[in-house]
């Protein structure tokens, strides 16, 4: 039996951990060096609830220089991973300011999973000290959940690509959301207008 194919697009601020999350999930290795992304595609097989799903993973660049390029990734998307970094309250602020309006414009009705990346840094002393200098602190789980409710996300997950904690669960939730999203339409997904 052929695998079901679904397309996942990951968005969020530059350096918030999108590419690492995809690489750890698809290749099981953590890249130690930061390389800003233009577009990279991976395919990963995942089984959820007894269904084999071939997940096409579309990476995107969060930097503003790519704001005009990024929409090319959106057509026919089945699920969006919208990421912020737990060590960057500013990246959480950009979820309702930038990412939600962009995604809802290009991908109306596509389920969104809000993902808090870099969970391992929440209790990291160095991270806490650096944030304290700016009168900030790491994002709390309740703040992530509240934001997910505010933007109407399908769900909220936290993970650490570095420790692999929660990584698989993020993609399992995303796959379930993509499978449920076939609400009787022939072709769900995004339009570029």
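Any Cβ shown, glycine's included, is placed from N, Cα and C.
Given the structure is predicted, the values throughout are model-derived calculations rather than measurements.
If you draw a 10 Å sphere around the CB of residue 120 (GTP binding site), it holds 17 other CB atoms from the protein chains shown. What Swiss-Prot records for 12-19, 30-37, 59-63, 117-120, 160-162 is GTP binding site.
Positions annotated as S-geranylgeranyl cysteine by Swiss-Prot, on the basis of similarity to another entry: 190.
Feature annotation from Swiss-Prot assigns 5-glutamyl serotonin to 63.
Per Swiss-Prot, phosphoserine is recorded for 188.
Marked as cysteine methyl ester by Swiss-Prot on the basis of similarity to another entry: 190.
Marked as motif 'Effector region' by Swiss-Prot on the basis of sequence analysis: 34-42. Per-residue pLDDT, averaged over the motif 'Effector region' (34-42), rounds to 67.
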Out of 16, 34, which has the highest number of nearby Cβ atoms, where nearby means within 10 Å of its Cβ, if these are the binding-site residues?
16
Does residue 30 (GTP binding site) have same-chain partners at least 6 apart in sequence with Cβ under 8 Å from its own Cβ, and which are they?
20, 23, 24, 161, 162
Within 10 angstroms of the C-beta of residue 59 (GTP binding site), the count of other C-beta atoms across all shown chains comes to 20
